[in-house]
Amino acid sequence: MLSGKTVKLIVFELLQFACLCIPVFVVMERFASVIRFVKSSDTAYWLVVAASVAYAASVTLFVWVPLKYFMLKTQRFSEVTNWRPVTLAYVILSTLPCFAIIIASSKVQADAAIRFDRLTELPVSLVLFSLICVDIVERIRPLRLTGKASGLDLDLEMPGPVLTHLEQVTSISGHLQANGQDGDASFRSPVSNGSLSGRWEDARTYGLPRTSSSAYLYSHSHSGPFSFLWKRDPRHDLFVSSFMFWLDTVEMVRVAGTNSVFYSGWVFPIYILAYLSLLRVVITPDSPLLALSSILSQDLPFLVVRICLLAVFGYVTPVLYILKNILASISFVYFVFMTKLKLLNRGSMF
């Protein structure tokens, strides 16, 4: 009888394989329908369908299966920590050709002066949903699917802080200076090799100097008649965060599906920039590079394109997303770069 880990592995691999092939088949079939309508020929339709089957078979045999073999058997990519080979292969082998076919469909219909199919509902949604599913599988693969969440980050995950006590705390360095001792020489952190993550290091070390400030003590509240509402699971948060992470790109692709935009030249830069933003899925979720890549590949380019679309086509995109791109870009530049300036790096300001 198969073990739970084996069943989990089989389910994950089948799901990722389905996400690899199904979007290609659906998009190519819709494109074949456009070709049949333009050329009035069933032969062209079946040629496109056959090409999609041949492409999926070739990619599976020569790229996808060898990649999975190297990852699962030889552990060739076991030391890769900042990027994910599976998601990189997916966005190249599945998402890229799907976006290219959608752009080609727009071009074919625009040249033929017809408006047959904008591929807005099922094809585009399926491509983005498959990408999100692959991302979720890669993120949830190390976690258990049954029982309580395990692991250091999951065990230390706080369902929600509750302010239970407030008091004035004098810093450790202040006590040492009062006794004529050097705080930096006497107190040192017991963690020297970075074995603890940054967000928990302050809670587990005692030698970190702090200024005199209010100390907030937190506790978990599980009692009372509404204790059943005080629940949270990191695995559920993973699903929600994965969808929320791509909402901006989803909205940009939705704008490309409107009649006025899809049959114009603006569909090219929109889908190209949307694909560049999708490349962020290659970076691991906890990588420091993710924040900068989000600004450079999504917020700044999307801001420029949305302002141009607003000027050319009117309110085809909500102003809310423009404000989001502006605030995300400004806050990143300010907190990451400008706060390091001497003028803004003073403890007495704000």
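Including glycine, each Cβ sits where the backbone N, Cα and C put it.
Database features (Swiss-Prot):
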- 9-29: transmembrane segment (TRANSMEM)
- 47-67: transmembrane segment (TRANSMEM)
- 85-105: transmembrane segment (TRANSMEM)
- 120-140: transmembrane segment (TRANSMEM)
- 259-279: transmembrane segment (TRANSMEM)
- 302-322: transmembrane segment (TRANSMEM)
- 325-345: transmembrane segment (TRANSMEM)
Problem set entry | Long-range Cβ neighbours of the transmembrane segment (47-67) (under 8 Å; 6 or more residues past either end) | 17, 20-21, 24-25, 28-29, 31-32, 35, 85-86, 89, 93, 97
Exercise. Under a Cβ pair cut-off of under 8 Å, which of the recorded stretches 9-29, 85-105, 259-279, 302-322 contacts the transmembrane segment (120-140) most often?
Worked result: 9-29
